[in-house]
Amino acid sequence: MTSTRTLPPAVVGPTPRQLRARLRQARRRHHPGSLGEVLTDAYVVVLFVALYGWFAVAAIRDHLAAPQVARTDPGDRYWIAVAAVTAGAGLVWWGLRLTGPLLVTPAAHAWLVSSPVDRRAWLLPRFGGLVGGGTIGVGLLAVAAAYAGGLDRPADLAWAALAGLTGGATATGWAVVAQGTAPTPHWARLPAVGLPAVGATIAVLVVLGHATGWSPPLPPVPLTPVVGLVLLPVALASTGSAYRRLPRVDRAALTTGAQFANAATTAAVLLDPSLLAALVESRRWRAVGLVRGRPLRAGGRFAVLLQAEVRRLARRRGALVGWAGALLAMYAVAVALPSIAGPAHLVLAYLSTGRLTGGLRAVSRSAGLRRSLGGSDTLLRLTHLVVPGVGATVWYLATLPALRPVPVALDAVLLLGVVTAAFWAGTRPPMRYGGAMVSTPFAMVPVDLVRQVLRGPDLVAVLVVVQLLAG
Amino acid sequence: MSTLAVRGLTRRFGALVVLDDVRFQLDAGQIAVVVGPNGSGKTTLLRCVVGADRPDEGEVLLDGRRCDETDPRVRAAVAAALDDIDFFPDLSVVEHLELLAYAHGGTAEPVAEVLAELALEPARDQLPATLSSGQRRRLALASCFVRPRRLLVLDEPEQRLDVRGRAWLAQRLLREKAAGTAVLMASHDTELIDRVADRRIEIGG
């Protein structure tokens, strides 16, 4: 029989380095992977990201230098870009908080991190990778964006790099500080809401100004040096604070992100994004917790299902915000980049309609749900197409003035095409494994995955071609 | 001084109050069983006690001090088998247990004994993917017994155990109690509760 021992106050155990060595040693017994294999995989990924990244940057730069873009007001373009970067920063912050950003896998937590091992020392390599990767990654992204935007003087690119580096370090540092603070501080929730709100406000002002014939002037000094220099001490302070907070990152904070990372890994391994979406959905509803229930009015299957669909939508404010955000984005694109407003209109219409197809996706994914609801599958799917259809129509008509003053016959075709594409995407069946595989530069990919990913966007691509041909 | 004290613990998910002002104490060598209907918050309570979840209000004290999971002394004292345990897919049963014993500053000495006690000896070299749900449950329980502990937290430990396994579990819990370990567990098994519990903590009634 094993016995229970009373521990002395001081805890003596292996160091994180010793513990990791022990884990590696045990794993190596089963699959002796070499460092060369890891480096080869990393090389392939870096090569493809750099290759396609360069193509994208060059294409955007060429497009922005084209005469039809150069004719638009530089002040409008500049401030719309500022709005997009600001809103994007808010979304990055939301992503960082969603994933931790520091995390350990559930297995590592259960068998290693739950022991008295020094937490700061255990998390330090991950922290270094996170801050280093975040800083360098955002720095590179900023340089690429600046170059794509037409800047090519070394000084301009250097200031963009500084803004990116300090922005990346600030975001990752404060995200770790927030993670290591219990209860979660109020300020940690602000950037995810505040930055997109600021970005939206800037975009609204530019769009309204454009409509009245006024364009905001370019700032007297470029913003990147200001942002870079202001954020420099903030970045250093946030990184230092985060380092000091590492021992305070608790199990709840580590495992919350780990659940997300685990789902993301499973989704990546099984090539099934719906696994990740299911977790995000579950988290969203858990945060709501309780809703006010009212009886649904009797009136036949169609009426009851429709009421339920409307009620679910009213509870998903994020979907409505996304729908409205796409509407603002359309007007912003029309002001800053009128040359791509037509295709952007179709893509944004598709994306905004997709935000309203939660019910359609739910009934299409689950045969059990369809059985319990009763009625034919066609009726169920068509019932859940009413809200997306109405939403798409309202969105399309509300954004049409950004393209042309009055609707033309083609608009009816395009609107119908957008609703059909949303229906096509929303009725994706669950992934089938074990089917045919296709060889890609990255790996063998199931044909069904390609079919799943393209289902919806393929129809939008056809609509874009139709629109371009129709002039 | 109580080994474990829970004061005014409240946990909400949005507007839903799952735990409302839960209070209890647990001394060394006592077994307390959390009972309540499905959805009453038993698992949430245990998760808050071990630090896997953060309560909105209230506090958990271990030996009169705030039970802070980031404190290595707390992690050394609290052994838990909840439903969120995961395994390294490439490590065998025995390697998991040896690794955990080592992480707690011990040796592999108790591992063989625990394997035998939990009838996991035939599966000692199996990888987790090949284990049945009952064997995985036993491995989760074994993880609590190859390391030092002063507070043992178990979430429905009888789940997926066969008749012999349940009989063993009752014996094991009584031995833990005799050795001075405080045990906090959630259970629906009235026979097990009647046999081992010193007190019941009813929630969600």
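Glycine is treated like the rest: Cβ placed from N, Cα and C.
Positions annotated as transmembrane segment by TrEMBL: A:38-58, A:78-96, A:127-151, A:157-178, A:190-211, A:223-243, A:320-341, A:409-427.
Here the listed stretches are A:78-96, A:127-151, A:320-341, and the one with the most C-beta pairs under 8 angstroms to the transmembrane segment (A:38-58) is A:127-151. Sequence-distant residue pairs (6 or more apart) of the transmembrane segment (A:223-243) and the transmembrane segment (A:409-427) include fewer than 3 whose Cβ atoms are under 8 Å, leaving the two stretches without contact. Here the listed stretches are A:78-96, A:157-178, A:409-427, and the one with the most C-beta pairs under 8 angstroms to the transmembrane segment (A:190-211) is A:78-96.
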